[in-house]
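> The structure that follows is given in the form of structure tokens.
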Amino acid sequence: MGAWAMLYGVSMLCVLDLGQPSVVEEPGCGPGKVQNGSGNNTRCCSLYAPGKEDCPKERCICVTPEYHCGDPQCKICKHYPCQPGQRVESQGDIVFGFRCVACAMGTFSAGRDGHCRLWTNCSQFGFLTMFPGNKTHNAVCIPEPLPTEQYGHLTVIFLVMAACIFFLTTVQLGLHIWQLRRQHMCPRETQPFAEVQLSAEDACSFQFPEEERGEQTEEKCHLGGRWP
């Protein structure tokens, strides 16, 4: 009974959840700003006048790339792209017109959105400036080099390691050459030794008949002495 009640409760929760309209959260504009409009007219405005959707000029920005405020209150956004290295400049009092002007010194625009951004200050993050930046590209930073003292210590360490490796390699090579020479010399030394052994054995084998002849002559001498 308890299992059926639990299953019924879960089913009711699913039905109630499906009956409610789903809310799609749009990305926020960040702290201190409010998002107004939708689609290509989506704007991010600073909190200037609570309760009012429209914001004064220079306090709103269109979220969609290449779109810009078309009036002082930024009620609508208009499409106006610019080439890389340029920014959009609005003209007019009631309805804005646009033109593209070059980015100021120290700023860049890599795309066609018409907004120039400041170059990255490499020294602020403790880096060196590899490329200072221009109107179409940001500055490129690289880590600072190590101090000269650290370079000196590293150089000494590397030299010592290289000397040790060279010494070990030389010793290993010398041992290898010595083993090869020994292998070539050993067969030549064993052949005379074998001949010496064979000659010694042959000499021993020839001594036995001489000893037998000596014994026979001694016996003959004894026998000869018996005969008158």
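Including glycine, each Cβ sits where the backbone N, Cα and C put it.
Sharing the record's features from Swiss-Prot:
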SIGNAL    1-19  signal peptide
TOPO_DOM  20-153  topological domain 'Extracellular'
REPEAT    28-61  repeat 'TNFR-Cys 1'
DISULFID  Cys29-Cys44  disulfide bond
CARBOHYD  Asn36  N-linked glycosylation site
CARBOHYD  Asn40  N-linked glycosylation site
DISULFID  Cys62-Cys74  disulfide bond
REPEAT    62-101  repeat 'TNFR-Cys 2'
DISULFID  Cys69-Cys82  disulfide bond
REPEAT    102-142  repeat 'TNFR-Cys 3'
DISULFID  Cys103-Cys122  disulfide bond
DISULFID  Cys116-Cys141  disulfide bond
CARBOHYD  Asn121  N-linked glycosylation site
CARBOHYD  Asn134  N-linked glycosylation site
TRANSMEM  154-174  transmembrane segment
TOPO_DOM  175-228  topological domain 'Cytoplasmic'
> Whole-number Å only: compute the distance from the Cα of Cys103 (disulfide bond) to the Cα of Cys44 (disulfide bond).
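With the alpha carbons as reference points, the distance is 23 Å.
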> Could you measure between Asn36 (N-linked glycosylation site) and Cys44 (disulfide bond) for me? Cα positions, answer in whole angstrom.
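Cys44 (disulfide bond) has its Cα 6 Å from the Cα of Asn36 (N-linked glycosylation site).
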> Determine how many residues of the topological domain 'Extracellular' (20-153) DSSP places in helix, in strand and in coil.
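Output for the topological domain 'Extracellular' (20-153) reads 13 helix, 42 strand, 79 coil.
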> In whole Å, note down how far the CA of Cys62 (disulfide bond) lies from the CA of Cys69 (disulfide bond).
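Computed Cα spacing between Cys69 (disulfide bond) and Cys62 (disulfide bond) is 6 Å.
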> I'd like to know which of the glycosylation sites Asn36, Asn134 has the most other Cβ atoms within 10 Å of its Cβ.
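The largest 10 Å Cβ neighbour count belongs to Asn36.
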> Reported as an integer number of Å, what is the Cα distance between Cys82 (disulfide bond) and Cys116 (disulfide bond)?
11
> Let me spell it out: for each of the disulfide-bonded residues (Cys44, Cys74), count the other Cβ atoms within 10 Å of that residue's Cβ, using every protein chain shown. Which one has the most?
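Counting every other Cβ within 10 Å of each candidate, the maximum falls on Cys74.
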> Just checking the recorded positions Cys62, Asn121, Cys122: which sit within 10 A of Cys44 (disulfide bond), CA to CA?
Cys62
